[in-house]
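Below: one structure, written as structure tokens.
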Amino acid sequence: MCGILAVLGCSDDSQAKRVRVLELSRRLKHRGPDWSGLYQHTDFYLTHQRLAIIDPASGDQPLFNEDKSIVVTVNGEIYNHEELRKKLSNHKFRTGSDCDVIAHLYEEYGENFVDMLDGMFSFVLLDTRDNSFIVARDAIGITSLYIGWGLDGSVWISSELKGLNDDCEHFETFPPGHFYSSKEGGFKRWYNPTWFSEAIPSTPYDPLVLRRSLENAVIKRLMTDVPFGVLLSGGLDSSLVASITARHLAGTRAAKHWGTQLHSFCVGLEGSPDLKAAREVADFLGTVHHEFHFTVQDGIDAIEDVIYHIETYDVTTIRASTPMFLMARKIKALGVKMVISGEGADEIFGGYLYFHKAPNKEEFHRESCRKIKALHLYDCLRANKATSAWGLEVRVPFLDKEFIDTAMAIDPEWKMIKREQGRIEKWVLRRAFDDEQQPYLPKNVLYRQKEQFSDGVGYSWIDGLKAHAAQHVTDRMMLNAGHIFPQNTPTSKEAYYYRTIFERFFPQNAAQLTIPGGPSIACSTAKAVEWDAAWSNNLDPSGRAALGVHVSAYGDEATGVKSVVPPPIVNTIPRMEVSAPGVEILS
């Protein structure tokens, strides 16, 4: 991931303004430590902090068309850039960068070219011939982006809040799947898939079609000129991504440069569920596995840094971001610059444990749509910023546009959780990769119950955070919470603790408004809390709050609610005999 900052039409082309723009751009240098660039055209400034993944030697930004009349600063990866270059055979490209196609596509097709891009991206394009500009963000919001407005009539664009919050009169999250046109003076949605209307689909479930679609999504993300690996928590989603990557790595350009043995990375408290499961998957796949341990105190000590980088006060995002933030630093220290991860599957397939209580397929599907639409505020924000804090890029194949279209077209009756029929959460995904002849994963991993990342790293992690917050937030402080924080009022001491840290870094009211709120159970939307009356008394984003579903649910003994224990699964598939060296790095 890179960092972009643009100041557009600020009525100030002085050296002092240029120095200020450079100063603000440096706030994003952690995202792109490899090179910095600034282009100024009168009172328009485009800056770039580069993390070099494709064409490290010549792909520095901003990028231009042939006569340099079109200027672009981009954060992201365009996976179909080679195909697009063929459509632009009459154009001359200056670099081998995948993002080099954007300026030329604009020349050829005007503003309506964004849907042609297959990838994750945020960009600002300036047409110096008339000083018009467009800004665009990828379909789901995998890359982070904010827009702000100055009193001088300027428009500001930044990959992170910290690039613009001190200089804008108002700012907000740039909506995913949209572009902003200065000619039109506003936003236009460019991403309009069928599922977005939340109409109930009826396509029959075909496991092989689903399998091929995910494999294609993973394969296209093997495009890299730098060392890479996979994040492996031992859960279904990351394990499938690792398995597919391991199968298809040989023969790719990446393998020619960096070898065919895949590196995998996991983080957790010592003895945590994720560490054990990830080690089993790594042994099965034969990856070079790197296991990172952290303590509860390590995580607590990092909270302020995490909130500064992630730019949120959302409880579940901070819980999950902290281990990922610590792991990203270790990964980058090993010389790795890109990782592939499993975000997005739970939203697409109803993998969160509260989906067990979906009353019917219609509600199941609508909740899934709501969750995908909100990903840019939660898991995408976490994955992007926790890794970018250390100059590490994360790619998420489950959020491939074509794969989402395939998965969201399936009749949601197939996704419904029906334990009496042996269909647990994400059954359609598990079944698609349940191959007896050439197994992708051990059966016990393929059918492992969902663990949210903040739970899987070790249950004492969340318990420790709550205890720490309780030491710093008093009952009297909670009584006044509604007056101190009228917007998204904290309802727990943990939430209050995070909020006070956030507002030290980002005191503006507009910053508070970029963060979502509302009741949640096990990461649900507020609407899904209505599915079970008991949930309203047990609101917590942890998966263990799903009473009667999670095998280690909170307070089962006290509430008298019996958790559902999944039937034991016997793994009869022979495992590969591979000796994979493990690297254990203690904090």
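Numbering starts at 1 and runs along the chain as it is shown here.
Just so you know, glycine gets a Cβ as well, placed from its N, Cα and C.
Curation plays no part in TrEMBL annotations; they are all automatic predictions.
Taken straight from TrEMBL:
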| type | residues | note |
| --- | --- | --- |
| ACT_SITE | Cys2 | active site, for GATase activity |
| DOMAIN | 2-185 | domain 'Glutamine amidotransferase type-2' |
| BINDING | Asp98 | L-glutamine binding site |
| BINDING | Leu231, Val267, Ser341, Gly342 | ATP binding site |
| SITE | Glu343 | site 'Important for beta-aspartyl-AMP intermediate formation' |
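Here the features listed in TrEMBL are placed on the structure.
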residue	record	CB count, 10 Å
Cys2	active site, for GATase activity	28
Asp98	L-glutamine binding site	25
Leu231	ATP binding site	27
Val267	ATP binding site	31
Ser341	ATP binding site	24
Gly342	ATP binding site	24
Glu343	site 'Important for beta-aspartyl-AMP intermediate formation'	26
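Binding residues for ATP (Leu231, Val267, Ser341, Gly342) extend across at most 15 Å, taking the greatest CA-CA distance. Ranked by Cα separation from Val267 (ATP binding site), the recorded positions Cys2, Asp98, Glu343 are led by Glu343.
Across the structure, Gly342 (ATP binding site) and Cys2 (active site, for GATase activity) are spaced 21 Å apart at their Cα atoms.
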